[in-house]
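Colleague: So TrEMBL lists the following for this protein:
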TRANSMEM  20-36  transmembrane segment
TRANSMEM  42-61  transmembrane segment
TRANSMEM  73-91  transmembrane segment
TRANSMEM  103-121  transmembrane segment
TRANSMEM  133-155  transmembrane segment
TRANSMEM  167-187  transmembrane segment
Amino acid sequence: MSSFLYNNYLMILDRQHLRFLALTICIFLIIRGISIQNFKFFLYLTHWALIVKTLTFLCIFRGLGSDNFRKNLLVIAWTSGINVTIIYWTYAYPLMVSPDFELWHLLLTHGGICLFLIPEIMTCPFTLSNKDFLGPACVAIIYISCVLIPCAYFGMILYPGLTFTNFLSFIVVLANLLVSFGAFSIGKYVSWRFKIRPIELKKVE
């Protein structure tokens, strides 16, 4: 019974159709976001994650790039996607007075697209190890050092309270890195678990 449910779950999820749908939604969100925020669109980590997700679905859908390249994209997309979802809804959104986007748009960019990544992580053909966290960590460090800190220095506050002149800023940055590693660890476990799952089910039968 468990084997039947597992196999049919993966069959129901027509992978290529899901990837195309996710890719279409991502492209739509990017175009809409740029039309509303202009250059400011590229200053938010949410949109960095959205662009990575777009590249991920495009490469997996079309089979572009090497296996290692697609693996790194998937890891960064998953980790950054879960990270911005948790940080946004627990920290940024409650402190925002008037977000630039409607709630439906925010739900898609902060969690919605991540749902399409779940079956990719579940059936990821690559073996993930702790060293694969280097990709998401580098993205986070580059974003903090090249976007957040310079913007705060010139008086452009991207997130409420994130000025790097108070203790809250460093707490948020640390939380960001910890949440990123937690998201990566969950993805690694799920990928490993579903790799051995069919073997376990076969033994039970």
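Even glycines carry a Cβ here, placed using N, Cα and C.
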Colleague: At a C-beta cut-off of under 8 Å, are there same-chain residues at least 6 beyond the transmembrane segment (133-155) that contact it? List them, or none.
Modeller: 43, 45, 48, 52, 72, 75-76, 79-80, 83, 162-165, 169, 173, 176-177, 180-181, 184
Colleague: Any chance the transmembrane segment (73-91) and the transmembrane segment (167-187) have 3 or more Cβ pairs under 8 A, given the pairs are 6 or more apart in sequence?
Modeller: yes
